[in-house]
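Database features, via TrEMBL:
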type	residues	note
DOMAIN	33-216	domain 'Concentrative nucleoside transporter C-terminal'
TRANSMEM	6-26	transmembrane segment
TRANSMEM	33-52	transmembrane segment
TRANSMEM	82-110	transmembrane segment
TRANSMEM	117-139	transmembrane segment
TRANSMEM	182-203	transmembrane segment
């Protein structure tokens with residue numbers, strides 16, 4: 001594949017979500033926002049990529065042949081493979097969730113301690129909230145709620161969506177429907193720093209050269 005096509009594939013993977021964990025999202029967010037995000041993210045990804053990464057497909061790339069990965073397998077063998085794949089995803093998500101929650105907690109404590117020396121007590125997420133305040137406001141979040149929403153947006157980008165969703169659950173009752181809807185749709189994607197490593201690592205496992213290309217592009 002060309003560099004442009006690899007970038008499109010990687011960016012699409014980060015901007016959308018796997019259907020295998022949509023159910024988990026629906027237990028943490030209002031299902032109507034999850035469904036809306038799935039549709040909005042899909043079309044917005046196509047629009048943005050067509051603007052920032054336009055390209056034409058070469059004739060040599062038009063026909064990509066994919067072999068049948070389950071040829072000769074029985075139904076139960078194939079079912080077992082998918083069950084194991086789902087279990088692996090669940091374990092990976094759980095490990096990342098524990099790791100990033102611990103990281104955010106450590107950073108919050110560190111920043112609170114350091115700023116406490118100067119008579120303030122500001123957490124890491126609080127500082128990120130101020131940085132992302134204008135982003136939340138531009139997206140349509142009321143100014144009175146933009147600081148809280150901006151903090152959750154930043155948490156999602158530096159850790160992952162599950163950590164941010166847990167933070168949202170704590171304050172969802174205090175947010176207006178407009179703010180809750182905007183931040184809920186924002187959270188439903190794989191767009192965060194940890195996903196870059198996951199995608200690059202997965203592709204590198206299949207092809208070393210293309211994995212390095214993705215690492216540079218994304």
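Just so you know, glycine gets a Cβ as well, placed from its N, Cα and C.
Most Cβ pairs within less than 8 Å of the transmembrane segment (117-139), among stretches 6-26, 33-52, 82-110, 182-203, belong to 82-110. Tertiary neighbourhood of the transmembrane segment (6-26): same-chain residues 34, 38, 41-42, 44-45, 48-49, 53, 55, 86, 89, 93, 161-162, 165, 188-192, 195-196, 199-200, 203, 210, 213-214, 217-218, selected by CB-CB distance under 8 Å and a gap of 6+ residues from either end. With a threshold of 8 Å between CB atoms, the same-chain residues lying at least 6 positions outside the transmembrane segment (182-203) that come near it are 6, 10, 13-18, 25, 29-30, 33-34, 36-38, 40-41, 96, 100, 136, 139-141, 149, 152-153, 156-161, 164-165, 168, 175, 210-211, 214-215, 218. Each residue in the domain 'Concentrative nucleoside transporter C-terminal' (33-216) has a pLDDT score, and their mean in this model is 82.
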